[in-house]
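Among the features that TrEMBL reports, ATP binding site is placed at 7, 8, 9, 10, 178, 179, 189, 214, 215. The substrate binding site feature in TrEMBL is assigned to 52, 79. Sequence annotations record features per position, and here TrEMBL assigns domain 'Aspartate/glutamate/uridylate kinase' to 2-235. Residues or ranges marked as domain 'CASTOR ACT' in TrEMBL: 338-399.
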Ligand code: ADP
Ligand code: ASP
Ligand code: MG
């Protein structure tokens, strides 16, 4: 049985008009001889009545501390509503479809509410419907614990659902439908002349997603890579080829990258709402205690640099109050810069190419962008900057590495 998993993001199921396009994609897959398994996100973005952000706001406006278990129960409703509406749209076109919650689709997770990890998938029920000729429409972004509690998989987690089901069902490929033409050299909301990348490797896309490119969830890329199932990112509004993500290159980019220094960078990712924390005069023992306390409180730290007289790292803006409380309790002397952004230049070909970091720094300084911190690995160079400089900095790097010509 040839299976394709088709995931429709929030904007791809937001209105009757766009749902009609989604239905057509499912029908096309069926007509091409595939058995489609559909995964849906909650309908629309922030402000839409059943969007995830709207559900979160509903709880937060009424109560300061909704418990994580109840928060997940509430958030899971957006995708469940969407699955029922999508089933109705398919039935209206004469196709038998069945709506399933993540739990009913066999997605078993741990109880890490808000960011649960998939432990296993029991796809028997989906297979049964496929054999009956029905189209399973699975609510994305959710699973269930062994003892029956509903969990969610982290923001953007419907992509994870799609990849995990594809792996469990040995699907031929995964289609991710969204509101852009594919994976681009940068977020087009920040860099209007960003261009679509036709073919990328899993590791490149993982880096992009891990450094903030919201177009796909990093866990979804990891899962697809682990079973070598191609991921295709496409625009719901059109019939373009989108971006194919697989383990090898076919693009012109691969051939030219070795010879053209402009092609060592594939894309620029950004992560908003970062806080830089600078702790001064910290003895090593207190340093260890501070790091342990942050970890115990679920605060993830990034860009950590330790100097003899200070320690610097970044956290999410949302964690700054908790961090402040912990550091005050320990009597640390510290300062924080809120609302920073991390921008990252990514390219698996930059390894061993000299001068990439200096080009990045020069390009930013030429545009009067203050650099608060830097970090680099074999495939990524990141700079922390002030939030208000984000678009300017991304455009400067996009220009420097001539990414618009792809
Ligand atoms: P969906 O609801 O379809 O999952 P998302 O909002 O999660 O949609 O992801 C799509 C958005 O990702 C785009 O609208 C775009 O603004 C953003 N984005 C960020 N980085 C990139 C990139 N490198 N390429 C394409 N889109 C990007
Ligand atoms: N609806 C969820 C979110 O907004 C999951 C997703 O869209 O993938 O994060
Ligand atoms: Mg998404």
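Yeah, the Cβs are placed from backbone N, Cα and C, and that goes for glycine too.
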For the domain 'CASTOR ACT' (338-399), the number of residues DSSP places in helix, strand and coil: 24 helix, 22 strand, 16 coil
Mapped DSSP class for residue 178 (ATP binding site), helix or strand or coil: strand
Annotated binding-site residues 7, 9, 178, 189, filtered by Cβ under 6 Å to ligand 1: 9, 178, 189
Contacting binding-site residues, sequence order - 7, 9, 52, 79, 189, 215 vs ligand 3, Cβ under 6 Å: 9
Nonlocal neighbours by CB distance (under 8 Å) for residue 178 (ATP binding site), same chain, sequence gap 6 or more: 9, 11, 12, 215, 233, 234, 235, 236
Cβ-based isolation winner (fewest other Cβ atoms within 10 Å) among the binding-site residues 7, 189: 189
Residue 52 (substrate binding site) versus residue 189 (ATP binding site) - Cα distance in angstrom: 21
Three-class DSSP secondary structure - residue 9 (ATP binding site): coil
Pairwise C-alpha maximum, in angstrom, for the residues (7, 8, 9, 10, 178, 179, 189, 214, 215) that bind ATP according to the record: 22
Residue 7 (ATP binding site) and residue 52 (substrate binding site), Cα-Cα, nearest whole angstrom: 16
Distance [Cα-Cα, Å, rounded] between residue 7 (ATP binding site) and residue 79 (substrate binding site): 12
In sequence order, those binding-site residues of 7, 52, 178, 189, 215 whose CB lies under 6 Å from ligand 2: 52
